[in-house]
Amino acid sequence: CHLIHYLRLSHHLVVLNYVIWTFDKLKSVSSEDINITDAVFDGVEVRVFEPPAKRDERLKRSVVYIHGGGWALASARTSLYNNLCRIMAESLNAVVVSVEYRLVPEVCFPEQFHDALRATKHFLQPDVLAEYSVDPSRIAISGDSAGGNLAAAVCQQLSKDEHLTIRPKLQALIYPVLQAFDFNTPSYQQNMNMPVLPRYVMINYWIDYFNGNYDLAHSLLINNHTALDVGQALSFRGRLNWTSLLPSSFKKNYKPVIQTTGKAEIIQEIPALLDVRAVPLLAENETLQLQPKTYILTCENDVLRDDGVMYAKRLENAGVEVTLDHFDDCFHGCMIFTIWPTDFSAGIQTRNSYIKWLDENL
């Protein structure tokens, strides 16, 4: 893929997505128990999973789900996410709306955020909820990895929209990516070479999302973009101080990497590095206080572990009820790997815990 990109034949993410689809041909066919249809919500494609109506049942609960893949890979229509959303619809007897936002390199930030926000706001309209027989008071927004990033950002935006009459009751974030301020948190240091999502791959996903230059990767890796002399970053530093936000069991013996002098031009070139629509962990406390009851799933073997743990702590400090569901023996992305040949026990374990929380709280 990278050779093809280097030769300028195509972007490597386009090639990788083509490979994914080649091995994952899936038609839009409803299962026996779940009706699966494709629709367009305010110009954004979605896939809707509807369980059959039960006798004497008036309205169903619902989950808006946003898939992961570094804002660049996968789809609501791939078998892994199709399977997850179908099982959620069956287990919860809920209408699940899976958002098919546009991907890098077709579009970059903030378009993925705008797609997820438009689709969610469209669904939250009373007449649309009535069309799908959804209870307006029992809606969750959820996503994994980059989808967790979009879910958190959308939830923050919805909480500040004074014109909305219906908002999510819950948010459920699965190993979310929430910040690009510090690439040397303990989990980034501990898992820098961990398979599935090593640190350099996550940094490249951020660069692609922001349509930045790969030449900046090393400076980002050593936190040059948030050095003490980078004035734009100063006001955010207190919102992401992992020495106070993480428990000692996660901090271990790792030391903060804070450069005295850095490169302010990085923020000038990529201002989105400090845009809360892209990095929800940096939101102000006034926004966090407005967030709904929250579930955050984290895995020990994941560079993003501390993103989720710090967000849980900041939300808790802001007065939000939070469940932090941490798995010591699991890895990033594990929850979607539940079907052969990648049917891992870690996937079943995390998926069951996630669905159980939704079932008890939605």
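Glycine is treated like the rest: Cβ placed from N, Cα and C.
All TrEMBL annotations are machine predictions without curation.
Pulled from TrEMBL:
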- 63-221: domain 'Alpha/beta hydrolase fold-3' (DOMAIN)
- Ser145: active site (ACT_SITE)
- 275-335: domain 'Alpha/beta hydrolase fold-3' (DOMAIN)
- Asp302: active site (ACT_SITE)
- His332: active site (ACT_SITE)
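Sorting each residue of the domain 'Alpha/beta hydrolase fold-3' (275-335) by its DSSP state yields 22 helix, 19 strand, 20 coil. Distance noted between the C-alpha atoms of Ser145 (active site) and His332 (active site) is 8 Å. The local packing around Asp302 (active site), expressed as other Cβ atoms within 10 Å of its Cβ over all shown chains, amounts to 27. Between His332 (active site) and Asp302 (active site), the C-alpha separation comes to 5 Å.
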